[in-house]
Amino acid sequence: MAKGKFERTKPHVNVGTIGHVDHGKTTLTAAIATVLSAKFGGEAKKYDEIDAAPEEKARGITINTAHVEYETANRHYAHVDCPGHADYVKNMITGAAQMDGAILVCSAADGPMPQTREHILLARQVGVPYIIVFLNKCDMVDDEELLELVEMEVRELLDKYDFPGDDTPIVRGSAKLALEGDKGPLGEQAIDKLAEALDTYIPTPERAVDGAFLMPVEDVFSISGRGTVVTGRVERGIIKVGEEIEIVGIRDTQKTTCTGVEMFRKLLDQGQAGDNVGLLLRGTKREDVERGQVLCKPGSIKPHTHFTAEVYVLSKDEGGRHTPFFNNYRPQFYFRTTDVTGAIELPADKEMVMPGDNVSITVKLINPIAMEEGLRFAIREGGRTVGAGVVAKIIA
């Protein structure tokens, strides 16, 4: 039977596999793609194709990531899988692959291991909202009590990092059996169960266009007789002519009104997420707005200077620092379109941070930036990137 033309009518969700090395993340990724492509169309991927993940760059950092697509009855999924632990750390911190939910793969034969814990912590820190567990290699464990024990351990670990351990779906199976075509409860049926858990447990994400209007300021022009035009790419939401907006960050928050939306030199009624636009602002002077601020729906985002973050520090080979840094290190933090200087406070048990490390830090900026949890940034020194981070919690 010929496959019909691919039509994107189903809602789109981004997911990924996380978990300890050799617990079966890549095998599971291949198994999901293989089982679901047979039912709903799409492309089956072999283990080797996924394992040979191509290199990509995100915020100046090279990351190996494999991208796989598959469909269920209700949705279209884009799934990321990383070959190495360092790739996961970089991927999650840079947001190269934003995840609406993660599939935590844990081997029933081994139970939770150090990277199981670290990936759950990372998911919490970078704002992955939902985790589903696939208890893999269940064909290697005959003892029901042992399986229950491992499940309990995983639930406790999720609880520890503020995920709802008791309510988290845990699917038992064997990715290897499923990939080999086994139709039993640990094979194909387990993949079907996992697909059902993905469909029901991870809510459909809000589309960018449905969010509160936000546009980072890239450039500001003064047009004689017309006023001040601010250009940038709308990050989320919709801006309509005549709406009141706020200018947030760096200085005191100001209110203004959008009196015109321009795109490719044409006047429009509105601009929406993804559009590169110029917005005409009523009564705003050219010197009142600068790169690094944002235009937003009033009250939707506030300026902050003090926050905790999860950061990855580039290794020397990646073009990062050659030496460690210590408490009170003061680099530039690049948020959206501009650099702001800030001071880093290290955790009490950490004397220094080596290139190639990832670490939780506290930051105090010298100027406020429009900020919310989950916002990504780069750490720079003299214009070159030396790290990447994500805001975990706002303090002030």
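Glycine residues also receive a Cβ, built from the backbone N, Cα and C atoms like all the rest.
Since the structure is predicted, the reported quantities are computational estimates derived from the model, not experimental observations.
Over in Swiss-Prot, the protein carries these features:
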| type | residues | note |
| --- | --- | --- |
| BINDING | 19-26, 81-85, 136-139 | GTP binding site |
| BINDING | THR26 | Mg(2+) binding site |
| DOMAIN | 10-206 | domain 'tr-type G' |
| REGION | 19-26 | region 'G1' |
| REGION | 60-64 | region 'G2' |
| REGION | 81-84 | region 'G3' |
| REGION | 136-139 | region 'G4' |
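For the pair GLY19 (GTP binding site) and THR26 (Mg(2+) binding site), the C-alpha distance works out to 10 angstrom. In sequence order, CYS82 are the binding-site residues from CYS82, HIS85, CYS138 with a C-alpha within 10 Å of the C-alpha of the residue listed as 'Mg(2+) binding site'. Within the chain carrying the region 'G1' (19-26), a Cβ under 8 angstroms from the stretch's Cβ atoms is held by residues 47, 50-51, 66, 81, 83-85, 104-107, 110, 112-116, 119, 136-137, 175-176, all 6 or more beyond its ends. Ranking the binding-site residues GLY19, LYS25, THR26, HIS85 by other CB atoms within 10 A of the CB puts HIS85 at the bottom. Cβ contacts within 10 Å of CYS138 (GTP binding site), excluding its own Cβ and spanning all protein chains shown: 22. Following the DSSP three-state reduction, the secondary structure of ASP22 (GTP binding site) is coil. Mean per-residue pLDDT, taken over the region 'G1' (19-26), amounts to 94. The Cβ neighbour count for ASP22 (GTP binding site), using a 10 Å radius over every protein chain in view, is 13. Under a cutoff of 8 A between CB atoms, and with a sequence separation of 6+ in the same chain, the neighbours of CYS82 (GTP binding site) are GLY16, ALA53, ILE63, ASN64, THR65, ALA66, TYR88, ASN91.
In the three-state DSSP scheme, CYS82 (GTP binding site) is classed as coil.
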